[in-house]
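Over in TrEMBL, the protein carries these features:
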REGION    1-76  region 'Disordered'
COMPBIAS  1-10  compositional bias 'Polar residues'
ACT_SITE  His229  active site, proton acceptor
BINDING   Cys237, Cys242, Cys263, Cys266  Zn(2+) binding site
REGION    423-447  region 'Disordered'
COMPBIAS  430-440  compositional bias 'Basic and acidic residues'
Amino acid sequence: MEEATKSSTPPELAKLLPEPSSSGSEENTQATATSTQPSQVSANVTSSASASTQGSETGSATSKEPRGEDTEEGGDLLSNLSHYFYQKLGFDTDEEAVHVLEEPTLDGIVRYIHGGKCKNVIAMIGAGISTAAGIPDFRSPTSGIYSKLGKYNLPSPEAIFEIGYFRRNPAPFYSLARQLFPQDLKPTLSHYFLRLLHEKGLLLRLYTQNIDGLERVAGVPIEKIVEAHGTFHTSHCINPKCNRIFTLSWLRDKIATDTVPFCPVCSSIIKPDIVFFGERLPERFFELSEEDFARCDLLIIIGTSLQVQPFAGLVDKVHNSIPRLLINLEKCGQGNLMSKILGLGCGLDFDSEANYRDVALLGTCDSGCRLVVDRLGWKDDLSRLVEREEAARIALVEATAAARFAAEEATATAAATAAVKQQLQKQQQQKHEEESEKKAVAAPSKP
């Protein structure tokens, strides 16, 4: 058994394992095996994740194995194994985490921003940020909007976002789309908070799971936005030989008429440029995320449950010293035991005594963002920004409505003119025919 173990263990890993007992007795072998049972490993991992706080409630409750020298040896083994797997996967575990926050609280983050060392903020946002704008979290099967789709006999609520099903039957999706987009979409306070971060010169990038385009409407420059799940802002013909592109206004007009939009050139289905299940995320997501998260010095997560990969995994791409602020209705994104064993993807850590960088503000997105703005002393700046942008938005809506009304009037006038012209032509034709008949009757017949 001992020879088989040696031959199957990589040399570099064997160096990390503890030396076998010199007595070689069966009792010692069994004791060694016992110290590495899952229950003992679980206890050590939990204790390690809590910065090895002695006598912690989690560490002691998880294991029923004897405590003492075996515990220290098991902890060393776990640490060595984690280090081994981390190096094999190309990560560096040698660098100590620098505690940039004085304390893992909102006040700590505020002082960090005011200190001038925070210059590259990345924001990650989800559906929760847009619910105040009247847009439901439509990807959730429990959302009430799905109850209105019963007439379509969907195999499952999620089928509406499956690309294969969409190609066969796009009607359910467009029925849902009509419920998702009110005629007058208005950004929320949270969207304007992100715009303010840009105005302050702090926003490196905004990664969004949303497809409503409200980040654009709020005035965040498009080059600052990564729309991880695509957008309704543009759409295209699904015929690869055509692939004609259409604007949001064109698509919205089609959706408003309760019809499935088809390409006017080749009659194929028009698909919004959102990511359906079974489709790859935009290349921009992969191209920018590696460099962006290496530069990030503050990560702000707003209105997402962090359940959908690969978006959720972005929280672990920042350096282990970088503060992470969650603004959400509930805590989320905590890592699991296996990821901690491998030293990978430990997720957010709000509650352990080892936490030095993660802060959670629980409540609505708008209330959380408002609190951050108030603590930073940006309240007046945000108010002026919202007032200015709202005035511009209303002016644009009114101008668009006026232009549409003028276009409709022009169309109606043109139609009326064409109808009158057609009627006059008809009358002239009829008069000409009557005159021709009279001439034929009046003309003398030849003998």
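Placement of Cβ uses the backbone N, Cα and C atoms for every residue, glycine included.
Overlay of TrEMBL feature records on the structure.
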residue	record	Cβ within 10 Å
His229	active site, proton acceptor	20
Cys237	Zn(2+) binding site	22
Cys242	Zn(2+) binding site	13
Cys263	Zn(2+) binding site	17
Cys266	Zn(2+) binding site	13
What does DSSP say about the residue listed as 'active site, proton acceptor': helix, strand or coil?
coil
Please report the Cα separation of Cys242 (Zn(2+) binding site) and the residue listed as 'active site, proton acceptor' in Å, rounded to an integer.
23
Would you list the other residues of this chain near Zn(2+) - those whose C-beta lies within 8 angstroms of the C-beta centroid of Cys237, Cys242, Cys263, Cys266 - in sequence order?
Ile238, Asn239, Lys241, Asn243, Arg244, Val265, Ser267, Ser268, Ile270
Could you measure between the residue listed as 'active site, proton acceptor' and Cys237 (Zn(2+) binding site) for me? Cα positions, answer in whole angstrom.
18
